[in-house]
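Right, one structure below, let's go through it.
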Amino acid sequence: MEMKQSLTMDRGNEGGVKVKGEESSQENGRLMQAHGGMAEKGDPRVNSGGGSGGVSNGYPTSTAQSPREGGGPPLGLPTGGLRTLVVQQTNLDRPRETWSKKMDFLLSVIGYAVDLGNVWRFPYICYQNGGGAFLLPYMLMAVFGGVPLFYMELALGQFHRSGCISIWKHICPIFKGIGFAICIIALYIAFYYNTIMAWALYYFLASFQPTLPWTTCTNPWNTNHCLRYLSTDSNLTWTNTSTSPAEEFYTRQVLQVHLSPGLHALGSVSWQLALCLLLIFTVVYFSIWKGVKTSGKVVWVTATFPYLVLLVLLIRGATLPGAWRGVVFYLKPDWGKLLSTTVWIDAAAQIFFSLGPGFGVLLAFASYNPFHNNCYRDALVTSSVNCLTSFLSGFVIFTVLGYMAEMRQVGVETVAKDAGPSLLFIIYAEAIANMPAATFFAIIFFLMIIMLGLDSTFAGLEGVITAMIDEFPQVLSKRRELFVLGLVGVCYLGALSTLTYGGAFVVKLFEEYATGPAVITVVFLEVIAVSWFYGTSRFCSDVHMMLGFSPGLFWKVCWVAICPIFLLFIIVSFLAFPPEVKLFDYLYPPWTTVLGYCIGVSSFICVPAYMVYHLLTTKGTFKQVIGPDHCTHLPCGL
């Protein structure tokens, strides 16, 4: 869109000249220029990367044009003294939405990064890989891999003010398929992740009764193998075929997985879970339909309430008998584990999925920041909070597991054999049921699980919404509410397979194959495109323009070399050691592995497909086809 602008050059009272021209712009602004084009420090409209014709964040450069070749002063003007260039621009496009407060942004990022995985995955991975010794590879992977990627995405989103699709026209257009792949991956996550919240909502609603339904073996869903066993029950003996009432409530009443033999016969949709998921998506819709102005307010509750509950549960767990056994088991270092490559693989994967770069969320959230916001400090603060939350969650979980071991008079390793959702919905639910004031603790615990999941869902869908609206603004920008409604509807329909009797098998399949390998590969290509094609020097100049200082050598080395190696290490490890997928007593057959890889490839295929499309439809030399001038130098140095 061409916009009229007036330029006035002035030197005291000695006269001046007025120039009128037309130049495209993306936002209103003012540029003060002195001594032949030295711009005001930190102005976002200056081309710091050395390119011509515009800056990498989409803002055009505006300089005084001379009628004489060579860029000298206009005729009739003295060569000395101070010259001032004032640019006033008018834009008919609707200005970009911004966060109401800085804390809205910080809480949204923290709520996104701190999710269910911090509560169930980190404690299990930690004790499985050497307890306290695991913290060493975990911190190393965070410092050299996770946090640099986190910082890079926040800086990219804030500078270019674009979602994960349209941002590539500023970086390297041939990689635009990365943005489409990210959106598809986000949809796959929405298909299964919200179902876990539906399970938690079922538990939450079932908790409003004096006796929790997973504490007894006299319910219609219980079997003859159900046994409520504690150390006080001297007349009962726990055998290998025994099942706890909490396990049977989870598998036979909530999931009803006993009605499905496997993925080949999922069975009917559970109407109870369908209603629970409908309520979850209703809350999600009315939280994000208006944009970050509304979601930024909701996270003040959903991002802070889990910390209050974690603190209450930590204090309660620390006062339980046997809690110290769980803490010792959690933190006792086994330094010999560090010689195993599995420990380092798990540390790398855990920090990557915990911080969550590559899902388009950090790009979207940062794009609503003021241009000069200190995203460097934000990256350090939010990533530190995320890691500390994981560590704190370990104490919350293992104090209770120590209590369960004490009550059953068994080792903690016997109680802590389950990972993933089972750790929350069976082990922890059973522990809560045996506490005083069990109903109260069950209500706040499952409400915490729901809120942890809601934050991540808000973020994941906002990443898709921002990407699509930025890519198709003429169609979607004024129809955001309808687009969000359609997106939520698609996510609900896509999740129906996870609500069947065999839905838990589908959730596990999506979790293992549909998202993990694909998103790691996408982020690997993203960091290569930014560091090697766009150029680390240019990227650091962008950061300097925003913050007033450039990233140090440590960050440059991480972006150019360490982060790609970090991601490649995870990818190769996954391919070399594919996980054996098992849920309850169901071992996934080989054909499900093929199905899982096909789902994963269905998103990643967008990257090479768009590259081919770009090469076939773009005219010019090979360098011109690859992208802008700053994308044709491979590799770019430090």
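For all residues, glycine too, the Cβ spot is worked out from N, Cα and C.
What TrEMBL records for 1-79 is region 'Disordered'. The compositional bias 'Basic and acidic residues' annotation in TrEMBL covers 11-23. The annotation transmembrane segment is assigned in TrEMBL to 105-123, 135-156, 177-205, 269-286, 298-324, 344-368, 380-405, 425-452, 482-507, 513-533, 553-574, 594-613. Sequence annotations record features per position, and here TrEMBL assigns Na(+) binding site to Gly111, Ala113, Val114, Asn118, Ser354, Asn386, Leu452, Asp455, Ser456. Look at TrEMBL and you will find Cys217-Cys226 tagged as disulfide bond.
Here the listed stretches are 105-123, 177-205, 298-324, 553-574, and the one with the most C-beta pairs under 8 angstroms to the transmembrane segment (594-613) is 177-205. Using a 10 Å Cβ-Cβ cutoff, Gly111 (Na(+) binding site) registers 26 neighbours. The list of residues near the transmembrane segment (298-324) in space but at least 6 beyond its ends in sequence, with Cβ under 8 angstroms from a Cβ of it, reads 103-104, 107-108, 110-111, 114, 287, 389, 392-393, 395-396, 399-400, 402-407, 435, 441, 444-445, 447-448, 451-452, 454-455, 458.
Here the recorded positions are Cys217, Cys226, Leu452, and the one with the most other Cβ atoms within 10 Å of its Cβ is Leu452. The Cβ of Ser354 (Na(+) binding site) lies under 8 Å from the Cβ of Ala113, Gly117, Asn118, Phe122, Gly146, Asn386, Cys387, Ser390, each of these being in the same chain and 6 or more residues away along the sequence. Taking the Cβ of Val114 (Na(+) binding site) as centre and 10 Å as the limit, one finds 27 other Cβ atoms among all the protein chains shown. The stretch from 135-156, 269-286, 380-405, 425-452 with the most CB pairs below 8 A to the transmembrane segment (177-205) is 269-286. Between the transmembrane segment (344-368) and the stretches 105-123, 380-405, 425-452, 482-507, 553-574, Cβ pairs under 8 Å are most numerous for 105-123.
Taking Cβ-Cβ distances under 8 Å and a sequence separation of 6 or more, the neighbours of Ser456 (Na(+) binding site) in its chain are Gly111, Tyr112, Asp115, Leu116, Tyr193.
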